[in-house]
Amino acid sequence: MRLPGAMPALALKGELLLLSLLLLLEPQISQGLVVTPPGPELVLNVSSTFVLTCSGSAPVVWERMSQEPPQEMAKAQDGTFSSVLTLTNLTGLDTGEYFCTHNDSRGLETDERKRLYIFVPDPTVGFLPNDAEELFIFLTEITEITIPCRVTDPQLVVTLHEKKGDVALPVPYDHQRGFSGIFEDRSYICKTTIGDREVDSDAYYVYRLQVSSINVSVNAVQTVVRQGENITLMCIVIGNEVVNFEWTYPRKESGRLVEPVTDFLLDMPYHIRSILHIPSAELEDSGTYTCNVTESVNDHQDEKAINITVVESGYVRLLGEVGTLQFAELHRSRTLQVVFEAYPPPTVLWFKDNRTLGDSSAGEIALSTRNVSETRYVSELTLVRVKVAEAGHYTMRAFHEDAEVQLSFQLQINVPVRVLELSESHPDSGEQTVRCRGRGMPQPNIIWSACRDLKRCPRELPPTLLGNSSEEESQLETNVTYWEEEQEFEVVSTLRLQHVDRPLSVRCTLRNAVGQDTQEVIVVPHSLPFKVVVISAILALVVLTIISLIILIMLWQKKPRYEIRWKVIESVSSDGHEYIYVDPMQLPYDSTWELPRDQLVLGRTLGSGAFGQVVEATAHGLSHSQATMKVAVKMLKSTARSSEKQALMSELKIMSHLGPHLNVVNLLGACTKGGPIYIITEYCRYGDLVDYLHRNKHTFLQHHSDKRRPPSAELYSNALPVGLPLPSHVSLTGESDGGYMDMSKDESVDYVPMLDMKGDVKYADIESSNYMAPYDNYVPSAPERTCRATLINESPVLSYMDLVGFSYQVANGMEFLASKNCVHRDLAARNVLICEGKLVKICDFGLARDIMRDSNYISKGSTFLPLKWMAPESIFNSLYTTLSDVWSFGILLWEIFTLGGTPYPELPMNEQFYNAIKRGYRMAQPAHASDEIYEIMQKCWEEKFEIRPPFSQLVLLLERLLGEGYKKKYQQVDEEFLRSDHPAILRSQARLPGFHGLRSPLDTSSVLYTAVQPNEGDNDYIIPLPDPKPEVADEGPLEGSPSLASSTLNEVNTSSTISCDSPLEPQDEPEPEPQLELQVEPEPELEQLPDSGCPAPRAEAEDSFL
């Protein structure tokens, strides 16, 4: 009910008098409480004054929020007690519960209470304030709770919302209590409208506590402490959020309390720790320390105890017994062990013959002391490959400031017995004497035995022991000597035999506790000549020599010979099952490629293999626009056979036959007259693709791990991202040159000896390329400078688009080789070189690599094959086609998008690998490869090679994944290459003067499918393999490929020059990179590279550098 609010003072005073009079006159009817006005709910006006009266048969009192506000208590004459509570100047904060209860318990029900709820609508107070405890509601199970957002006006409409939501929740509301229901672990607020103003309550947090069975663990920093040191114990509870710790300890029983500290382990959820720290421990603090943990919700409890020992001072005590005499066997490792207890941790020293031992004896002595428990230690002295000189008196001493103990023993070195001499002599007395001399430690015993039937002895007939017996007519004489320096015994025994009438096998056996040794000698009668023994020995040596020569000849014949991997297909049989390859020696060689030797200045060795080497050189007069040009020169070693010289000449003819292409290491010239054959090619200073990916992996990972990278970061930016350090191209070995590796450690790494020269070749210490410098720090020398238009990408950061670009460029180069009917047969990332501006070139690096020591090449018969990169038909049927190169291209893609990983890392190179390939096993998607890239890999790895996509289709598939900026830049570089006076372009134009303009796309219908013609020359080039037309997968309309432009020559020749080594300058046309979710995989092992001028290719190819 609503009562009038403010009343005049006189009226209030009169009312109080009247009320008191009524109370005095009213008879005592019951002992119950009477509240005036009766309630149970009142609505009062703000700023008004109101009186509440409570009466009863015992003293009564008004309570408000568990407190007794100021009130007037009285007792009437009839024994009735009353309490008057006057509320003045009411505000909204006076809203709430008021209780009237008895003030004592004189036989009355102590729990009898009268409740009255008063509302004071106050526009300035929307919601009643709550204590901090009321804002956090904790639950241990799913149950109904109340969110106490109470208002001062019962007429207000109140709604409940999640803290970050606008939708009202359908929960019943009580103006006196709040919202009641089952709530989730969320944050909630209440809203109401007062006038035209929306009012929000404080946020209420509902939180469900983790309550489970208590699991307590107690540990101490040290269970043994000295008097005066600190005792620190930790009690940890797992699986609960609110628990109570109670410690019991010896000091507590004597009334000396220690306040423990409780904290939460933030890095381990639901882990609470209580720490008991007792400073300056006394002897009385020894005893049991117990941690009792209780949880009040489910009344769970658990306790653990630990014993603490306080000692007056430290101690060292030996455990167990160690004999005073120890043994060690010569040349065997021996570990001497001493176990002891100590506190505090002691210092341990070992002595030999009163000299301190250490770990500095070249690895022959190892000392170690380890702590096996808190106070238990094991000290070990390990003698590695024991020597006689290590015998002696040893002492172990353990000590600290409070105590000391030592243990001594004698070490005896046991030496296995060995027969040093067994000889026979014929004294003049007619008897025959056999003398046996041997040594060992401990003292050896000597046993003589003999066997008369040489054919059946000793396997069928046991030897007869000899001694002082009349039957054998033999006598023994034995002398024993101890050698102090060697610390071993020497035994000399002489056996005297009488009347030896036929050959006799005499055996001398020495035996001691370590082992035994035996030698035999044939004692022959005096009449038998000793020349028989000498002749037998000579014949045996002759036989061994002949067998050794045969083995060496067989090994020499099986030694792999250098052969070029690239093959050019001439024709295919009508049934498509036989291929005839072009005999490279029948190809013409144009003298246009010839370069005078005096225009070539050779420098340091870049790479060296089993058959040849590649050196850095400076060529003069190759280009009109450049007086000098840095080049790579391939040559054979002086030990090369004629077949290998023929193979190198065949490689030269194939390269000149193929012609130039932007993504192939191009032939620049050759020296074939007046000395060894030199093949001069382009010089790629950043080395092979595998090494490049390894050295720049950190820039890729940093670049893509930053999720906050601004979208304005672009593909062709010349600046590093903010906060990204300059790339640190780490060299993996001591020396490196130009990105090429010296594959033979015993070869010279300085300068190439000019063999068979006429004196017309110049030598120079060519300045090594600074391959370790980042892109933006590299300043090329004059011969290397080129225009900025020839750079595809200048960014020093390795990006995802770079990986796609590398794949695209390799596909372009392989498309060119396929158009020339050329099969690569060793396509891998190690045979792809990186030039300036992230331009890649396909090569064959076998000449400068020792394939017999390269783990990527597996011996199969008399050759070494890169099995992990080979297609199934190549492995099992020796079938090589351009479509088997497509399989290898898929493996190369996997290498690129694993940042230089080794294929099939989970498969050993044994029968398991072959079985997995036969079953159709394929590698999983690399972490950095998109689904589109992995789909291309899977197409390349089709079991049936007929349905693998040709390289022309792979170019189009990869082109779709590139940005327009990249494609335009690549086309610009390609066109610039064709218009330049690059030596490969000029010499090809001179060789084909009538060939101008762009070549039309390859018409595969007229290539490779002619009838087989008889070939009397080289049957070695015929490999039976089917190579029908590939079935092109059904793809959508594809854009034209720009790669064909690189396979043609343009008659327009400008003054610009293309070089693989070029300075880097900013570019204007950026391309945004795709967003990647980067997953870092374990980094594969990197091979070591020699330090040189530029990154070295990995030693992983079989054949030619080109």
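Glycine is treated like the rest: Cβ placed from N, Cα and C.
Feature annotation from Swiss-Prot assigns domain 'Ig-like C2-type 1' to 33-120.
Neighbour density for N45 (N-linked glycosylation site): within 10 A of its CB lie 16 other CB atoms from the protein chains shown. The N-linked glycosylation site feature in Swiss-Prot is assigned to N45 (among others); the stated evidence is sequence analysis.
Cβ neighbours within 10 Å of C54 (disulfide bond), excluding its own Cβ and spanning all shown chains: 25. Among the features that Swiss-Prot reports, disulfide bond is placed at C54-C100 (among others).
Positions annotated as N-linked glycosylation site by Swiss-Prot, on the basis of experimental evidence: N89 (among others). The DSSP secondary structure for N89 (N-linked glycosylation site) is coil.
DSSP assigns N103 (N-linked glycosylation site) to coil in the three-state reduction, outside any helix or strand. All protein chains considered, the CB of N103 (N-linked glycosylation site) has 14 other CB atoms within 10 Å. Annotation source Swiss-Prot lists N-linked glycosylation site at N103 (among others), citing experimental evidence.
Residues or ranges marked as domain 'Ig-like C2-type 2' in Swiss-Prot: 129-210. DSSP states for the domain 'Ig-like C2-type 2' (129-210), grouped as helix (H, G, I), strand (E, B) and coil, give 4 helix, 37 strand, 41 coil.
Per Swiss-Prot, the feature disulfide bond maps to C149-C190 (among others). In the structure as shown, the Cβ atom of C149 (disulfide bond) sits within 10 Å of 26 other Cβ atoms.
Marked as N-linked glycosylation site by Swiss-Prot on the basis of experimental evidence: N215 (among others). The Cβ of N215 (N-linked glycosylation site) lies under 8 Å from the Cβ of V237, I238, G239, D302, each of these being in the same chain and 6 or more residues away along the sequence.
The feature N-linked glycosylation site is assigned by Swiss-Prot to N230 (among others). Sequence-distant neighbours of N230 (N-linked glycosylation site) (same chain, six or more apart, CB under 8 Å from its CB) are H277, I278, P279, S280, A281, listed in sequence order.
The annotation disulfide bond is assigned in Swiss-Prot to C235-C291 (among others) on the grounds of experimental evidence. For C235 (disulfide bond), the count of additional Cβ atoms within 10 Å of its Cβ stands at 26 [all protein chains shown].
Annotation source Swiss-Prot lists N-linked glycosylation site at N292 (among others). For N292 (N-linked glycosylation site), the Cβ neighbour count at a 10 Å cut-off comes to 17, with all displayed protein chains included.
The N-linked glycosylation site annotation in Swiss-Prot covers N307 (among others), and the record cites experimental evidence as its basis. A strand conformation is recorded for N307 (N-linked glycosylation site) in the three-state DSSP classification.
The feature N-linked glycosylation site is assigned by Swiss-Prot to N354 (among others). DSSP classifies N354 (N-linked glycosylation site) as coil under the three-state reduction. Other C-beta atoms found within 10 angstroms of the C-beta of N354 (N-linked glycosylation site) number 8, with every protein chain shown included.
What Swiss-Prot records for N371 (among others) is N-linked glycosylation site, and it gives sequence analysis as the kind of evidence. If you take the C-beta of N371 (N-linked glycosylation site) and look for same-chain residues 6 or more apart in sequence within under 8 angstroms, you find P345, Y377.
In the predicted model, residues of the domain 'Ig-like C2-type 5' (416-524) average a pLDDT of 79. Here Swiss-Prot flags 416-524 as domain 'Ig-like C2-type 5'.
Positions annotated as disulfide bond by Swiss-Prot: C436-C508 (among others). Counting Cβ atoms from all protein chains shown, C508 (disulfide bond) has 24 others lying within 10 Å of its own Cβ.
Only C235, from the recorded positions C149, C235, N307, N354, place their Cα within 10 Å of the Cα belonging to N292 (N-linked glycosylation site). Within the set of recorded positions N89, C235, C508, the entry lying nearest in space to N479 (N-linked glycosylation site) is C508 (CA atoms). A distance of 128 Å separates the Cα atom of N89 (N-linked glycosylation site) from that of C436 (disulfide bond). Cα separation, C436 (disulfide bond) to N354 (N-linked glycosylation site), rounded: 40 Å.
Here the C-alpha separation of C100 (disulfide bond) and D826 (active site, proton acceptor) works out to 99 Å. In sequence order, T223, G287, T288, Y289 constitute the residues six or more apart from N307 (N-linked glycosylation site) in its chain with CB-CB distances below 8 Å. Taking Cβ-Cβ distances under 8 Å and a sequence separation of 6 or more, the neighbours of C190 (disulfide bond) in its chain are F127, I147, C149, V158, T159, L160, H161, G178, F179, D200, S201, Y204. The C-beta environment of C291 (disulfide bond), restricted to residues of the same chain at least 6 apart in sequence and closer than 8 Å, consists of V216, V218, L233, C235, F245, E246, W247, S274, L276, E303, K304, A305. Just so you know, the Cβ of C100 (disulfide bond) picks up 24 other Cβ atoms within 10 Å once every protein chain is counted.
Secondary structure at N45 (N-linked glycosylation site), taken from DSSP and collapsed to helix, strand or coil, is coil. Put simply, of the recorded positions N45, N103, D826, the one whose Cα is nearest the Cα of C54 (disulfide bond) is N103.
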